[in-house]
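Data first, discussion second: the structure below is written as structure tokens.
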Amino acid sequence: MGSTSTAQYTLMGRRPQQSTQLPSIGTFDTRTSSAPPYSGLLTRSLSLSWRPSTLYRAARVEPTQSLNMSTAYPYSSSNYLNNIDSAKVPPIFPSARQALYTRYTPKDWHNAQMTNYLASDKIRAAAERLRSDAVRLAREKDEQAFKNNFESSRRLGERINDIEYWKGELEKTKDKMKRKIDDVEFKRREVERLLGETEKPLRIAQENLYEREKRQGIDLVHDNVERELIREIDTIKLSQQKLRQMLERLNTQNAINRASLHELERDAQDKFRARVLDSAAHNVKTTSRGINFYQGIETVDNTFSVPETWTRYTEENIRRALSEMSQSDELMNAGNQLMSATNSDMWSQWNHVNVSLENRVQEEHVAKNKIQSHLEKILQEIFDVEQNIEFLKKTIADKEAFLQVAHTRLETRTRRPNVEACRDPAMHRLIQEVHDLQAAIADLHGKLRQEENAVQHLLRAKSTLEQDLAIKNNSLFIDADKVMGIRRTFTIAGPEKHSITSVSFSHPRGLITA
């Protein structure tokens with residue numbers, strides 16, 4: 001088996017494989033100085049009379065891939081050869097022809113030379129036209145470059161003026177925002193101070209409730225004082241909740257103000273840097289030092305805005321700052337109203353508790369006096385009943401002596417002999433006497449038990465009254481001495497003031513500063 005650039009051969013008459021690459025020949029183009037087409041030349045040269053055809057048969061071979069004519073033929077960029085019409089393949093004697101060679105005619109050679117000459121003339125004419133066009137283009141571009149540079153400098157100057165204007169507006173708004181932040185911070189400290197001062201009345205009210213929990217027995221009642229104390233605690237806690245909410249709102253508002261101030265400062269700083277950079281760009285000339293080429297810089301687009309959005313961004317920052325300053329003013333006014341209402345509510349409830357406490361102390365004094373009066377009567381009655389018990393005991397003892405006499409008589413008569421043991425009237429009378437004495441003693445014992453029960457009831461009543469009296473004394477001590485004593489030494493400013501007067505008072509648990 002052998003092969004050339006135009007055909008393949010197979011021994012013993014086998015069909016050739018399509019694996020040979022054939023060059024392609026295209027159409028001649030004088031503008032590209034390409035070589036003339038050679039389609040059909042090879043086909044005609046294959047049929048020349050000098051090619052022997054003995055013992056050969058025709059075979060068709062299709063090209064599988066075109067060959068680049070830059071290596072095969074310098075004047076053509078088209079297909080060198082599309083197909084081969086026929087070829088001779090040795091079916092029996094392969095040694096008769098080992099290769100099939102490509103051949104060109106003299107006509108082809110002359111055509112190629114003429115093509116080169118024509119292409120050379122056209123290229124030279126195109127070069128002359130190109131020179132004149134280049135000179136004209138250079139002059140036009142020179143004028144355009146000066147014009148573009150002047151226009152860019154003018155636009156840069158306008159941009160610098162815009163930056164200066166908005167930077168000035170930002171600086172004014174920054175100063176206003178800083179003063180507003182200081183005002184909000186001052187108001188926040190006032191609210192925080194008032195919130196701290198409410199802890200002392202709340203602690204006193206809770207201490208009052210704690211002390212009144214030490215009341216005993218029936219005096220541990222949910223009276224008007226306790227209700228007012230609970231209402232006072234609720235009022236203080238509600239005021240504290242409102243103050244905390246106001247404090248949180250002031251903190252949030254100041255945080256928003258600081259964020260707005262930060263945006264203003266960042267915007268002003270960015271404009272300052274842009275002003276410096278644009279001024280530097282505006283002062284760059286063709287004679288300046290440090291100018292250089294930056295390949296592809298015109299394709300780099302790192303912009304984030306257009307003039308409209310750039311102006312709108314700064315306007316939004318200023319508008320947002322002004323809006324936050326207005327919100328701060330409204331919030332500070334609301335803080336002043338809340339502080340005044342807090343002082344008024346706490347002062348009013350403080351007085352309500354004091355009035356209720358004074359009324360309760362008076363009620364406890366009246367109850368104490370009544371208990372003492374009843375206790376004196378109970379003691380007198382106990383004395384009288386005990387005297388009566390002693391009398392009953394003496395009477396029972398006397399009756400028991402008569403019963404002993406009757407029993408002794410009956411026992412003596414039981415020793416009578418025989419028929420003398422007669423049930424005579426004396427026996428009947430003695431028996432009746434015993435029954436009467438026993439009934440009398442039983443009645444006296446019953447009455448004695450009743451008297452003793454009465455004494456027990458009187459003693460229990462006495463104990464109850466004494467216990468109630470002790471309870472009342474304990475309640476009076478708690479309400480009059482402890483609770484009222486604490487509240488007397490502590491005063492709350494009226495609603496016309498914004499603070500609570502601080503004093504010191506004595507307490508059984510130690511000195512407390514209110």
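Backbone N, Cα and C atoms are what each Cβ position is placed from, and that goes for glycine too.
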Using TrEMBL as the reference, determine which range in 385-426, 427-468 is annotated coiled coil.
427-468
Taking 233-267, 268-302, 338-372, 478-512 as the choices, which stretch does TrEMBL tie to coiled coil?
233-267
By Cβ distance under 8 Å, which residues at least 6 away from the ends of the coiled coil (427-468) in the same chain are close to it?
217-218, 371, 374-375, 378-379, 381-382, 385-386, 388-389, 392-393, 395-396, 399-400, 402-403, 406-407, 409-410, 413
For the coiled coil (233-267), could you work out the same-chain residues 6 or more beyond its ends whose Cβ comes under 8 Å from its Cβ atoms?
170, 173-174, 177-178, 180-181, 184-185, 187-188, 191-192, 194-195, 198, 201-202, 205-206, 209, 313-314, 317-318, 320-321, 324-325, 327-328, 331, 334-335, 338-339, 342, 345-346, 349
